[in-house]
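Taking it in order: structure first as structure tokens, then the write-up.
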Amino acid sequence: MKSCSIKGLGYALAKRRVTNEELSTFVDTNDEWISSRTGIRARYISEEENTSDLGARAARMAIDKSGIDPKEIDLIITATFTPDQTTPSTACLIQEKLGLNNQHMMAFDLNAACSGFLYALQSAHAMLAAGQVTCALIIGAEVISKQLDWNDRSTCIIFADGAGAAIVKQEDTNKRMLHFAGSMGDAAGVIHSDAPKPRPLFSEQPYQPSVVCMEGNATFRFAVKAMQEAIEDVLKQAGERIEDIDWIVPHQANVRIINNVCKRMHIDKEHVYINIEEYGNTSAASIPLALGEMSEKGLLQPGMKIVLSGFGAGFTWAGCYIEL
């Protein structure tokens, strides 16, 4: 079986930056209340761009950083729960925006909520290793703001819009990429965004858009255990200790969740990348956005060992050990 490696990383933000102070002008909250409970002080909200727009911008950056010919790409997976439309897939729309229409490739979406990028990375790795494809563009992109109830401070203060992307290419290498993933469907009601409800035939009843709903306490309890399990599993597969890892890159859901995982696992926070203060929770975009920013800052270097860990609605949870 072939192996693979990450060749380029990119990210994109919505154009409007919204601080806690601005949010508090129309939501019953304030900066201290939000930041003390979540670690968030700002987020980026899309007013015109859709998920495919952000995804395409992140993809272009990843392609530029990788130095590949875009025509080498024969797989696009977009992880999102906020697609532009029900069909066609956001991945196909991104394919069109990148000008990659006249070539043989697969393009599809994957929905594992905030675990989506890690699910997509594992799926792409399997296809690369099997020789089914040779160069994958993996994207996590969300415009969650279009599904938020701006009167519900349990969700509207947390979620945000953004995208991250990675070019992963098949090659003969000793660098390892190891995965873990899990799901627990009986917790589907804890975090959810409903599809349109059935309506009577020819009804004039107006369409009711769905909004994101979340039970915060149940999510918190699950998240800490799930992220710890994912990290421990991939470390066991790799035969590595937590002290041997250069960077832990967690899903940026809530700084208190991250802090609890670090405390339980005795992780030195100097080796944990956290950017939720500026970007909020961008769901499937969270981890690739962080990786793109880290790459831009020169924090990811050849020979490093990194661990990614996330959780999301479903419940879903996942981890990945990568040798750069």
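From the backbone N, Cα and C atoms, a Cβ is placed for every residue, glycine too.
Heads up, TrEMBL stuff is auto-annotated, nobody curated it.
The following features are taken from TrEMBL:
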- 108-180: domain 'Beta-ketoacyl-[acyl-carrier-protein] synthase III N-terminal' (DOMAIN)
- CYS114: active site (ACT_SITE)
- 235-323: domain 'Beta-ketoacyl-[acyl-carrier-protein] synthase III C-terminal' (DOMAIN)
- HIS251: active site (ACT_SITE)
- 252-256: region 'ACP-binding' (REGION)
- ASN281: active site (ACT_SITE)
Cβ-Cβ under 8 Å with the region 'ACP-binding' (252-256): same-chain residues at least 6 beyond its ends: 37-40, 114, 158, 220, 223, 274-277, 279-282, 286-287, 290, 311
Neighbour tally for CYS114 (active site), based on other Cβ positions within 10 Å of its Cβ: 32
Which of HIS251, ASN281, the listed active-site residues, has fewest other Cβ atoms within 10 Å: ASN281
Tally of DSSP helical, extended and coil residues in the region 'ACP-binding' (252-256): 2 helix, 0 strand, 3 coil
Summary of DSSP states over the domain 'Beta-ketoacyl-[acyl-carrier-protein] synthase III N-terminal' (108-180), given as helix, strand and coil counts: 21 helix, 28 strand, 24 coil
Segment confidence, the region 'ACP-binding' (252-256), expressed as mean pLDDT: 93
